[in-house]
Amino acid sequence: MLDASKKMFQFGYENYMKYAFPEDELDPVHCRGRGPDYEQPDNININDVLGDYALTLVESLDTLAVMGNSSEFKKAVKLVIEHVSFNKNNTVQVFEATIRMLGSLLSAHLIIIDPQQTLGDMSIPDYNNELLELAHDLSTRLLPAFSNTATGIPYPRVSLSEGVPMNCVNVTCTSGAGTLVLEFGLLSRLLNDPVYEAVSRRAVTTLWKLRSNVTGLLGNVINIQTGEWVGAMSGLGAGIDSFFEYLLKAYILFGEKSDLEMFNESYETIKFHLRRGRPKCNYGSGNVPLYVNVNMKTGETVNTWIDSLQAAWSAVQVLNGDMEEAICSHALYYAIWRRYNALPERYNWQLKAPDVRFYPLRPELVESTYFLYRATKNPFYLHVGKDILESINRHTKDRCGYCTIHDVDTKELEDRMESFFLSETCKYLYLLFDADNPVNQEFSKYLFTTEGHLIPLDRKFHRKPWEHYNEVHSPEKLVKKKLDVKLLNNELEDSEENHPVIFYARTNSSICDTVKIERRYNLPILSQYLTQLEIAVGLREDPCDSRLD
């Protein structure tokens, strides 16, 4: 399976380089490249993501490094330096440009300059921080999104050369505004420039303050000028999912205790208001546990569907040490996968049928499978990965790459291979099967961004070189005038209080649990509950025609 996962990546990557580079994506049916839709500027499905900056190549950099392909990694880095430019009038989504492009560039930069060269010899002798400079350039072009908003929550889109478009809407989703702090914060600390972290943290703080004073929940769409919630749906899927993920990961990377406090409160609120079903995953009676979409103001269920992005929640639960909950969350999505050999974008748990039928090769279920295997070492998750990989090869592989599934029932295909397939889906599958990979040997020393880009955990990222400046410097002033800051000379003391992972494990010891040794080689979810789950998603017939409640 390790060999098969490597071949999967190579087939997609080599065909992209042959037929599509330097365009952003590969059309695997017609063997050609795809870039922005200049004829239809309002085609945000394409233009939010594609900026005419060799997106798939940039997103593949750290996957090449993880697979130990030093020669191709170095070649790809030089191609990025030669071909990628942000000096163009393309309007892109701030969120997508941040997690895909900025995260990729920063990850590859850190891999190149790693003094230990943990992933193999990825050093480039004549490298002069060109990827960091590209990241700096891109982020500076994204900064206008944070200007002229009454709340500090950014506009959703910017033109790379002209700033916020005249016709840009005043609403954005919670994920889009609140999932920037890892990449922006990392850039700030690498450049010793507080502006990027300041604006991204202000957006998070504002969203947090605007949560419901009744339930503590956030909605999924907000007006950036008034702070009013335009979308009152609260859930764990599209539009809000990665906000919670980044609260925890920002704490792990930067050591800011306020991030952990927000995450812990969010986690308990989510379990109280969104979770349905029996209290325990593998014990007791009742319906299958399920996290539903609710009204942020009342906690009442607002619809009967879940979406594919929610499949990543299990990985967040693993990071939080809530293993039994992670096992149960994952089992639901894997049961849906088994029914369709893919994961529909939306699944109606009451009707036992998809509401939205396409599957664009998303990585979220693979990501959670990988995290659960690393946490439990239960070989069941290797079988899950094998099932997913074989399904993708059987149903999506075309002559020049891997296609989006247009309909999970008919397996009709769309001519598009999104960049996250090589960046995340292939990477997580490869790591799942590569027991000896340096990332797996030093698993606690790395963090994955929401786009699957690898960031080393380093004590230097706890430092804030700008802290000796007076706190009167507001985010608005920082945007207009960059501060000339120098790295503080004092080092952090080598104590548990200053190490976020140790502090987190100690303070959250009541949450962290382990899978009992006698269950390690059995099914993670007990047989009677697995049968109930299979009936709930339509894998088995139920004579009583029971429904998830």
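Quick reminder: no glycine exception, Cβ is built from N, Cα and C everywhere.
Cβ environment of GLU96 (active site, proton donor): ASP48, VAL49 lie under 8 Å away, each six or more residues apart in the same chain. Residues or ranges marked as active site, proton donor in TrEMBL: GLU96 (among others).
If you look up TrEMBL, you'll see ASP241 (among others) marked as active site. A simple way to gauge crowding: the CB of ASP241 (active site) has 25 other CB atoms within 10 angstroms, across all the protein chains here.
Taking the Cβ of GLU345 (active site, proton donor) as reference, residues of its chain lying under 8 Å away and at least six apart in sequence are, in sequence order, ASP307, SER308, PRO354, VAL356, ARG357, PHE358, TYR359, PRO360. Residues annotated as active site, proton donor in TrEMBL: GLU345 (among others).
According to TrEMBL, the feature active site maps to GLU364 (among others).
For THR450 (Ca(2+) binding site), applying a Cβ distance below 8 Å and a minimum sequence separation of six or more within one chain yields ILE99, THR179, LEU182, SER242, GLU245, TYR246, LYS249, ALA312. Positions annotated as Ca(2+) binding site by TrEMBL: THR450.
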Round to the nearest Å and give the CA-to-CA distance linking ASP241 (active site) with GLU364 (active site).
11
Nonlocal neighbours by CB distance (under 8 Å) for GLU364 (active site), same chain, sequence gap 6 or more:
SER308, LEU309, GLN310, ALA311, ALA312, ALA315, TYR333, LEU343
